[in-house]
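Student: Pasting the feature list from Swiss-Prot:
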type    : residues                               : note
BINDING : G13, A14, S15, A16, S17, G18, K19, S20 : ATP binding site
Amino acid sequence: MNSKDCVVIGIAGASASGKSLIAKTIYEELCRDLGTDQIGVIAEDAYYRDQGHLSMDQRVLTNYDHPKALDHELLCTHLRALKQGHAVDIPVYSYNDHTRTDEKVTLTPKKVIILEGILLLTDPALRKEMDASVFMDTPLDICFMRRLSRDVAERGRTMESVMQQYTETVRPMFLQFIEPSKQYADIIVPRGGKNRIATDILKARIQHLLAK
């Protein structure tokens, strides 16, 4: 596969801003148009650094909302490999254990790769790998309420720990890194992942890039 045959779309924004929802919607609709074997989704979360050498007490102190917590270099390497026609083994990250597992998920080359993650647009090298980028501009208080519900229900967190993390790292890192990265987005999406007009615009852009 030649690099021009692979379109990479990056969807960034605060945690619980609607990134996964719009990525899922675009994935499902493009699968109907292009086939399920032609579209891939990569979550930035999979590239949290391995912390197997640290104790659990040390792992929970990691600032997961800082760019240094993520191995963007590996993500860039994987994107370049996919563009060159090579399959890659994506890490599997455990939210309960705060480190990578021994498992890998193999992703084969696709016509469209959809990236989604909070810090995608903070990395210049990663931005260069994207053909188009999106920032989900959802109010932070709404994101917090969604995150609180999600992390308690799906990730085994206590309400107190989620609130403490939000105060100590999530909100400060959003203001320091994530919100400023909005300037690099090609499309800014208000009102979350259910914004139908924004979804249609992004799909049209992807189809235009594929037609080149």
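Cβ atoms here come from the backbone N, Cα and C positions, even for glycine.
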Student: In three-state terms from DSSP, label G13 (ATP binding site) for me.
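Tutor: It is in a strand.
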Student: Can you check which residues sit near G13 (ATP binding site), meaning Cβ under 8 Å from its Cβ, same chain, 6 or more apart in sequence, and list them in order?
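Tutor: When sequence neighbours closer than 6 are ignored, G13 (ATP binding site) has K19, I118, V134, F135, M136, D137, T138, I178, V189 within Cβ distance under 8 Å.
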Student: Across all chains shown, how many C-beta atoms besides its own are within 10 angstroms of the C-beta of G18 (ATP binding site)?
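Tutor: A count of 26.
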Student: If you draw a 10 Å sphere around the Cβ of S17 (ATP binding site), how many other Cβ atoms fall inside it, taking every protein chain shown into account?
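Tutor: Its Cβ shell of radius 10 Å holds 27 other Cβ atoms.
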Student: Please list, in sequence order, the residues in the chain of S20 (ATP binding site) that are at least six apart in sequence and whose C-beta is under 8 Å away from its C-beta.
Tutor: A43, E116, G193
Student: In the same chain, outside G13, A14, S15, A16, S17, G18, K19, S20, whose C-beta lies within 8 angstroms of the Cβ mean position for the ATP site?
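Tutor: Neighbours within 8 Å of the Cβ centroid, excluding G13, A14, S15, A16, S17, G18, K19, S20: I118, M136, T138, C143, R146, G193.
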Student: List the residues of the same chain that sit at least 6 positions away from A14 (ATP binding site) in sequence and have their Cβ under 8 Å from its Cβ, in sequence order, or write 'none'.
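Tutor: Residues satisfying the criterion: I118, M136, T138, L140, C143, F174, I178, E179.
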Student: Would you mind pulling the DSSP three-state label for G18 (ATP binding site)?
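Tutor: SS state of G18 (ATP binding site) = coil.
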